[in-house]
Amino acid sequence: MSNEDVNMDAAVSVYLRNRGYKEADSMLKQEANLLNSRKTQKNLLDLNIPDLILYSSKDEVRDDPNIYSNFYSLLRNWINESSLDLYKFELRRCLFPIFVYSYLNLVESDHPKEAQTLMKSFEQDHQEQHSQDLEKLSCVLSKNHLVENEFVKEFKSSKYKIRMSRYSFELLLSFLQNNKMMLILRILNEHLAIKVTTDKPRLLNQDESDGGAVDNEVDGIDDDKINLDQEEVKLGTLPADPWLVKELDRCLREGSGFTPQEMPFIAQELQKLKKENPLKDSPKRDSIPLPPPKLLDIQQEIKTLNELRSKIILNNSLKPTICSYTLHNTYENLTCAKFSPSSTLIGGGFSDSLVKVWNVKGVVNPKQPTITMPSDPRTPTKLVGHSGPVYGMGFSPDNNYLISCSEDKTARLWSLLTESNLAVYKGHNYPVWDCEFGPLGVYFATCSHDRTARLWSTDHIYPLRIFVGHLSDVDCVKFHPNNNYLLTGSLDRTLRLWDLQRGHTVRLLSRHNAGVTCCAISPDGRMAASSGEDKVIMIWDLGTGKLIKKMVGHESAVQTLEFSLDGKVLTSGGLDYTVRVWDCKTGDLSNNEAEISGENRTGNPSTTATSNDLLHTFYTKKTPIFDIKYGKNSNILLTVGPFLP
Amino acid sequence: MEGGLDSFRKQLDEKEKKNKVIKMEEIDDIEREENSFSSIESDTESGVFDFDYDELILLIPVVVPIISKMIGRFEYRLREVLLEAKKFMLHSKRLTLNPEDINSALKMKNFEQMYGYNKWTPNVWKSTSLNQTNLYYLEDQELELDDIINKPLPVIPLDVMYTAHYLAIDGVQPAYLQNPTNLEIQQMKAEINLLTSKSNNETENKNKIDALKKNSNIPPSNEKTLVKQVLGRELTLYFEKITEAILPHTARSGSSTPLSSSQSKLMSETEYREHALKSLLMDPGLQPLVPYFTEFITETVTNNLKNLDVLTSMLKMIMRLFGNPNLFIESQIHQLIPAILTCSISKKLSSTPNEDHWTLRRTAATLLRLIVEKYSNSYPSLQPRLTKTLTRALLDRSKGRGSIYGAIFGLVSMGEQVLRIMVLPNVKFVSEYLLNTENEVEDEVEKQFLTFESEKCLEALLLSILNIVKHDLISKYFPNLENEGPTIPKVNFKQNLKKEEKLDIFKSFKTEFGFEITKRLFTKLDLADDYNTILDQLGDDDDDDKGEDSKQQNTDDLMKE
């Protein structure tokens, strides 16, 4: 008896049963010997008729066991290579269940070898997110296992739920139909519960954040152990340069360059610097090569140590004072703005390719205030060179250099002392979205539409590292304070922490429901914050790679995040014309989520729920916030943005 | 962005309704079609598409299936471009999609860009209905080439500039012009919702905004009471006591509680006030009250413009607040300065002109000097702005003598440089105005009073320029004395200057300041005798030198006096 006949018999049997012709049904079963001889096909009897008729085809496994492999690879290539970014994520989501069910079907139909080849060739795809499941799945090699394995049971007994937008579902269906991939279609129909929504593909609800899970929480991401999280990361502060410490010590002994009041404090701080050296998880000083320190650096170091003296200790009860710089007459042309580390300069990138730098501290001599100023301090320095909108910029730690990146695929280094362009860095093949100087200078990072982030050093015109791994545009980069890691956020809804030296991902942070547009790392290097188009701010523990909590409240995309100097308070600014101050130490995910969902259920869906961590909200007058910076030694916050009348 | 996308989506929905058969085609199919299309496209380019209507009808059975496939393909490409454009929008940190974004996306995809669209000319979408479905289209305007050529060049847009203000001070948002009111916040929220919401209830949102805009006449809800809760009870009490103590009886309205009898027994009102002021100077924990004090001061000053007592107390209060080393006043100075300026250059500061408002003006000037010294570094524009206001008051003839007096002292406190640039060149002008009392009033008593006032101003004016004049004289005639330090060395001009030099000085003064001031200056410089001799001599000279009529005239006038 051929497969088709069996299917037909089964169909008839199901029909009879459905209509209530029990006797006829049992008679049929007896005659066709359905029950006894083909136990494996028993599940066929549980199908409904349309399914049976629609999806039974001649490509049954028995004919060609390799067909699953072929179909799967075709589908995979189509999704990964020729589908649009927007729908890619949703489409990719259905790859894993299809993979699992194909594998199971192969095993079920006595083709363990083919199943293994399928596993071998494609397990890499799912390693990152489903490594645990793959381990379980690869154990299943014979029909007997199917019954025993808990994992398989769960997959078999319930449907894998996926939410998809209408258009991506149509895309998928038409692809499958056009390629006559009836087998895959059948899997889709049998085991997947695809909920087609009219939503736009990107704006998804919270309950969907788990990326689609089987009823019984087969792959609840909450307790999923991503392999990457086992990678060792050294998040401690970078030890001070031994030579510098020695020199400082010498300076202190000789007493040169200090006033007597400063001495005890500097000595104390120096002691701290020495002690910090053997911190357990600090990277080695020379793990990232840096040019040897110069004598000038000693003065700088003394200055920073002195600044530490006047630092105000911040806490939650201390209310912020915000000084807001507003740029007028931008005509929506301002594409980015940034404060210098010294907070004395504001850089602005414009869509007409200009970079302008304002000096916000006046240059008037306090002793002899004159009214005829040599040059109005409000006139900016204009840096001309780019040939496309400037999307990102970063000041060097010594405030003397500026790196800017543009739609013209280049990054440019500017000297603010000579007000000229020093170097052009070509390497990206598509618009460069963001760039940042490393915390110790010399190195800078860029990220681009070409899905890579790159590490450069100012004295080389080619990138030193190319970080490949993101599945879509890389939107933001941030250096880790110890100069050894780079955090990137991407449109593929994930953040990656890269090891600069080895050049590969050490952490993958994926809980966002939309593209990540901005990220920040706390000054102690242990925490990261990220946010994006989904308006949710997430706080991550970089050590474990886990989400600490979500903070909801913004009404539009968040553009900038900044930790306070002690890392207890996070400030965010966005396109909704607000500056918001968050408490990022208290509260955790569990009560956090309950609170959010609870409010959502009861509250009006149109009003966004706000989480309790929101300490303050300050509205500006139609000024989206492009950058936020904490003043060096006070609790004064600086914000900058264009006024859009 | 979403608005734009939505309208596109509407169009797409339209198409899909009409062509329910259309599904996305698989790659092979598309490629095949592309080949077939390229042939058609090449035809159109060579102008073969000019067939008449009959031929077109014949073509319909051929074209329709192609069109249906083409629409699917078009939709795919459209989505592709829109998605890319959205990225550019996001990175330009905007919520609305610009034609520029579309062009950037097209450029990146190596497509031809669209020309003729920019964000300045709004794109008007028109709708029409076809077979009971709405179709949206962009209306093309017809432009005359002549009009475009003959149009005057557009105005050069203003350059980008920045301003700074405090968005929040210690967690409280001060109610400036730069910060939004509650109502504005509501409007902004609604607008953002409109931009970001995915729902179709666009009209609903629009109505909401309109409704809000209509309500904008209603004053925003009382924010003061809202802020007051932030203050602790002790502070509120303290604030009340202090303001009560500082305000003299006369200024207090009847409704407010009078000074409690026990207190008035214990100490007199002035004593009580002194204590309050002292507390302001010394107390370390007043930071949260600073905005309230500021508001109190500005309010009191505006309400008591003619109450000299009150104004003096207010200035004292500002003085103490500045003197308190524990306070951070910087954020408030821009609010305090108008009050101080009022005390300095307002036309009338007392109920009767006989009161001593001169002292008040001088105090205000001192205060201005303190502020400029302390903050001109962090606010570079502070001093120029103050100078401008003061100079305007100095030259304004509609204002009284008092304003001029205040302005002179204010300018003195702006520093020597300012005096040189703003006062010296105007001395002649101002003094002429001051001396010309005859025409202003008829009444003899009033005239006398006016002369008294003018004298006061003239004295101030002389004082303000005297040091500069001395300095200049010394650097000119005694260059060896000059470098001895910032203080002006004492020189006996009478003995050390030669006769010709004195004459020179006289001439230069006269041209620069006019006769009256020259006379006074000579007196101040202890050269009064020489002045007279010079005058005599000049009188002689005039006989020879008839050319200088004006000089003659002036001298004659002076002789009469």
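Cβ atoms here come from the backbone N, Cα and C positions, even for glycine.
Listed in TrEMBL for this protein:
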- A:63-192: domain 'TFIID subunit TAF5 NTD2' (DOMAIN)
- A:327-361: repeat 'WD' (REPEAT)
- A:383-424: repeat 'WD' (REPEAT)
- A:425-457: repeat 'WD' (REPEAT)
- A:467-508: repeat 'WD' (REPEAT)
- A:509-550: repeat 'WD' (REPEAT)
- A:551-592: repeat 'WD' (REPEAT)
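Counted over residue pairs separated by six or more positions, the repeat 'WD' (A:383-424) shares fewer than 3 Cβ pairs under 8 angstroms with the repeat 'WD' (A:467-508), which leaves the two as not touching. Counting only same-chain residues 6+ beyond the ends of the repeat 'WD' (A:327-361), those with a CB under 8 A from a CB of the stretch are 377-378, 380-395, 397, 399, 402, 404, 406, 408, 414, 416, 626-627, 629, 631-632, 638, 640-644. Summarised by DSSP class, the composition of the domain 'TFIID subunit TAF5 NTD2' (A:63-192) is 104 helix, 7 strand, 19 coil.
Residue counts of the repeat 'WD' (A:551-592) by helix, strand and coil are 4 helix, 20 strand, 18 coil (DSSP-based). Using DSSP to sort the residues of the repeat 'WD' (A:383-424) gives these counts of helix, strand and coil: 0 helix, 24 strand, 18 coil. Model confidence over the repeat 'WD' (A:425-457) is summarised by a mean pLDDT of 93.
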